[in-house]
Every structure is written in C-alpha cells, then in structure tokens.
Amino acid sequence: MAKQQQPISPLKNFFAGGFGGVCLVFAGHPLDTIKVRLQTQPKPKAGESLLYAGTIDCLKKTLAKEGVKGLYKGMAAPIIGVTPMFAVCFFGFGLGKKLQQRTPDDILTYPQLFAAGMLSGVFTTAIMAPGERIKCLLQIQATTGEVKYAGPMDCVKQLYRQSGIRGIYKGTALTLMRDVPASGMYFMSYEWLKNLLTPAGKSHNELSIPSVLFAGGMAGICNWAVAIPPDVLKSRFQTAPEGKYPNGFRDVLRELIREEGVASLYKGFNAVMLRAFPANAACFLGFELAMKFLNWLAPDL
C-alpha cells in the first residue's frame with residue numbers, strides 16, 4: 001500500500017464532504033422519496049391491493065400523478081441538511097483517523113478505520129435526527145393527503161410547540177443505532193475497496209473515476225445492508241402518532257415482527273439499494289474531486 005503523501009486534514013474533509021453531500025442528494029433523492037412512500041404506505045383493507053406494488057410501480061404512479069417534480073419533493077430540506085451533515089460526517093472520519101495516528105505517515109488498520117467511521121456516525125446524528133424526522137413527516141403527508149405542515153420550518157415550529165426539543169429529537173437513539181455501525185462499515189469498505197483497486201506501487205490519489213465510482217457505490221451498499229433494519233424501525237417510530245409506542249423502538253420491533261414477520265425489517269430494500277449505489281458513487285466522486293482541488297489550492301492546510 002502506498003504511503004499517504006498528504007497529512008489528514010479534518011478541515012479539508014469538512015468542505016469536500018459537504019460537496020460530496022450535494023452530489024449525493026441530486027443523484028439519490030428520487031429513490032429516497034420512493035423508499036419512504038413504500039415503507040410507510042397504509043395497510044390495505046380487506047379485498048384491496050397495496051397502494052404501490054413495488055419500487056417500479058411506485059415510480060410509475062408518482063411520475064403519472066406528479067411528474068418529475070414529484071420525485072424531487074422535499075429536496076430543499078435534505079440539501080440544507082445533507083450538505084452540513086456530510087461535511088460533519090467526513091470531518092468526523094478525518095478527525096477519527098487523525099486521532100489514531102501517532103505520526104502523519106501512519107497507515108491505519110481496518111478496525112481503526114471502522115472506529116473512525118463510527119465516530120463520524122456519532123457526529124452526524126446530532127444534525128441528522130431532527131432533519132430525518134422532519135423529512136419523514138413531510139414525505140408521508142403527500143401520500144396521506146392530509147396537509148398538516150406548510151414546510152420544514154413550519155414542521156419544526158409545530159413539533160417544538162407540541163413537545164419541546166424532545167419532539168424534534170424523537171428517534172435519536174434509533175438514528176444512533178442506525179448510523180454508528182453503518183458509518184463504520186461505510187468508510188471501512190470504501191477504504192478497503194480503494195486499496196483493492198489501486199494498482200501495486202500507485203497511490204490512492206491516482207485512482208480512475210470508474211474505480212472511485214465503484215468503491216463509493218459499493219460502500220453505500222455495505223452501509224445500508226447494516227442500516228436498513230434500524231431505518232425501518234426509525235421511519236415507523238418517527239412518523240407514529242404521539243404515545244403509540246410508549247417503550248420506544250422495542251414496541252415498534254415487536255409490532256412489526258408480530259404483524260409482518262422478520263422480512264418486514266428489510267422493507268424498501270430494492271429502493272434503498274438502487275439508490276445507494278449511484279448516490280454514494282456520486283458522493284465519493286464529489287468528495288475526491290473536491291479534495292484534489294483543495295489540496296491544489298492549499299497544500300499546507
């Protein structure tokens with residue numbers, strides 16, 4: 001494995017991560033809308049079929065009813081939320097790596113990279129939990145037809161009025177359960193694939209664009225393979241009426257397994273995996289290109 005010529009700079013990671021986040025939203029938002037609609041669609045009454053038969057059906061119906069705009073519904077919130085979130089996420093990863101290095105030339109082991117990734121998961125949850133709660137509430141009101149919130153800010157105000165800061169941070173423990181191990185997987189698998197795809201004697205920085213896209217896309221898939229079950233629980237919990245699950249996620253888990261079996265923990269799997277590859281490929285490509293630009297702009301930062 002080639003030496004890291006460039007010392008790790010959490011600050012550069014911050015800016016490059018933010019740019020990666022913007023790329024991710026543009027590539028992935030349409031499938032995110034479909035994922036949430038599939039995960040939260042109402043149970044059909046006796047004799048009726050499901051609202052959406054599956055990913056492609058949901059895509060067709062959304063396009064027919066709302067056009068391409070329907071797929072990009074609620075995108076302002078993720079752009080505003082995701083840019084700082086990915087900035088903080090990559091910053092956390094950079095910091096996690098830096099803290100474990102004794103010298104700037106130290107090459108980290110995979111468990112160390114996993115630990116650095118987990119640290120980034122803790123960092124992002126602080127921003128992520130409220131953003132996710134608001135996003136889920138706005139995305140499902142389009143399906144249920146009951147317009148309760150005028151937009152993201154209105155949603156925050158109403159939640160705060162209703163139940164204070166706790167209302168906004170509902171589902172934080174589940175967001176942590178989802179993001180901490182998943183972020184560890186995400187960054188570790190990305191670094192592992194980058195090493196795998198780097199020809200002997202070459203440095204990471206010379207990886208071709210298709211290689212970066214492949215490593216980023218696969219890292220996204222590894223991330224979600226770990227994250228989907230807690231994600232399903234979280235979507236349910238955060239969109240449930242107040243007081244429906246008094247014991248938190250344990251109640252959600254019990255109800256889901258009782259009513260729909262273990263397979264329901266992997267609801268929305270196709271939509272998530274279809275989105276994970278292009279969105280994360282776009283994210284890491286954006287990150288690597290921004291990193292190159294920043295290293296050229298300020299080599300000593």
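Each residue, glycine too, has its Cβ placed from N, Cα and C.
TrEMBL lists 8-99 (among others) with the feature repeat 'Solcar'.
According to TrEMBL, the transmembrane segment annotation covers 12-31 (among others).
Taken from TrEMBL, the feature transmembrane segment applies to 75-95 (among others). Among residues of the same chain six or more beyond the transmembrane segment (75-95), those with a C-beta under 8 A of the stretch's C-beta atoms are 8-18, 20-22, 24-25, 29, 32, 116-117, 119-124, 127-128, 131, 134-135, 138, 152, 183, 187, 283, 287.
Positions annotated as transmembrane segment by TrEMBL: 107-129 (among others). Within the same chain, residues 1, 3-4, 81, 84-85, 88-93, 95-97, 99-101, 169-172, 175-176, 179-188, 191-192 sit at least 6 positions outside the transmembrane segment (107-129) and bring their C-beta atoms closer than 8 Å to a C-beta of that stretch.
The repeat 'Solcar' feature in TrEMBL is assigned to 108-196 (among others).
Here TrEMBL flags 207-293 (among others) as repeat 'Solcar'.
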Sequence-remote partners of the transmembrane segment (12-31) [C-beta within less than 8 Å, at least six residues beyond its ends]: 59, 71-72, 75, 78-79, 82-91, 93-94, 271-272, 274-276, 278-291, 294-295, 298, 301
Per-region confidence, the repeat 'Solcar' (8-99) (mean pLDDT, whole number): 88
